[in-house]
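Undergrad: Feature list, courtesy of Swiss-Prot:
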{"type": "BINDING", "residues": "Asp248, Glu260", "note": "Mn(2+) 1 binding site"}
{"type": "BINDING", "residues": "Asp248, Glu260", "note": "Mg(2+) 1 binding site"}
{"type": "BINDING", "residues": "Glu260, Asn262", "note": "Mn(2+) 2 binding site"}
{"type": "DOMAIN", "residues": "104-287", "note": "domain 'ATP-grasp'"}
Amino acid sequence: MRIAILSRNENLYSTMRLKQAGEARGHEVDVIDTLHCYMDITSNNPKIRYKGEELPQYDAIIPRIGASVTFYGTAVVRQFEMMGTFVVNESVAISRSRDKLRSLQLLSRKGIGLPRTGFAHHPDNIQDVIRNVGGAPLVIKLLEGTQGIGVVLAETNKAAESVIEAFMGLKANIMVQEFIEEAKGADIRCFVVGNKVIAAMKRQAKEGEFRSNLHRGGSAQLVRLSKEERATAINAAKVMGLNLCGVDILQSKNGPVVMEVNSSPGLEGIEQATNKDVAGMIYEFIEKNAKPNSNRTKGRG
């Protein structure tokens, strides 16, 4: 098969592993810088051009769209959909998952376990926002943050007020969530491909830190999932419409709760923690499912 990886950096671990794994299975794999693609929108024969030439017809596209380029990246993915190319994650599903509020609203509607969450931009009564999620300790997040950036743990109501006021000064949309203390600074990353959890790791925050992101110095190890945790991860992926994603779960006293669904999960941490060929399993999914015009949305919106 001829497959393209949409990635701005061919030297990232995930991009290199996907190229290596695909070529090892006999596929022709190109890495294409998403931002350097340009499109012929009005033509009856939709095209994508790159470095002065029309891109060939690919059998499948693996989008690795960074959060900072979601708007243009999903436009490129949508153009591939209009051309009838199979995409591992469709543009509408990527957009859905990148909007943290929209994600939580959709998950909530389907009865997926979530931490108690509030959303605000410029509330008239900050104390009521805090009371509404059960009071401190609580976690306050900037809606646009990634890799644990823009996430603050407020241990008292007064501290929470101060943080919310500071974020309001930035004219930012903020999310206020109950702090799942019983998780003890750990979460579970479930790697879902094709409605199956193919790998899972437990990430533990470093001493004195509550964010378990590996980018923030957390550690990771193999974990055995309960049936409920596995079902939660699979259902969350289905709600988002993602064929490939990382579902981050906390173990609360009320059962597993979903913190985030990541449409472009990194491969390095999960492969090292589990010793599994995650990249190879992504290609197994592509080989079984990549057919022309088989996307559910077909680029319609």
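Just so you know, the numbers here start at 1 and follow the chain as drawn.
Keep in mind that glycine also has a Cβ here, set from the backbone N, Cα and C atoms.
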Undergrad: Pick from Asp248, Glu260: which of these binding-site residues has the biggest number of other Cβ atoms within 10 Å of its Cβ?
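TA: Neighbour-count leader: Asp248.
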Undergrad: Counting every protein chain present, what is the number of Cβ atoms, excluding its own, within 10 Å of the Cβ of Asn262 (Mn(2+) 2 binding site)?
TA: 20
Undergrad: Helix, strand or coil by DSSP: which one applies to Asn262 (Mn(2+) 2 binding site)?
TA: strand
Undergrad: How many whole Å apart are the CA atoms of Asp248 (Mn(2+) 1 binding site) and Asn262 (Mn(2+) 2 binding site)?
TA: 8
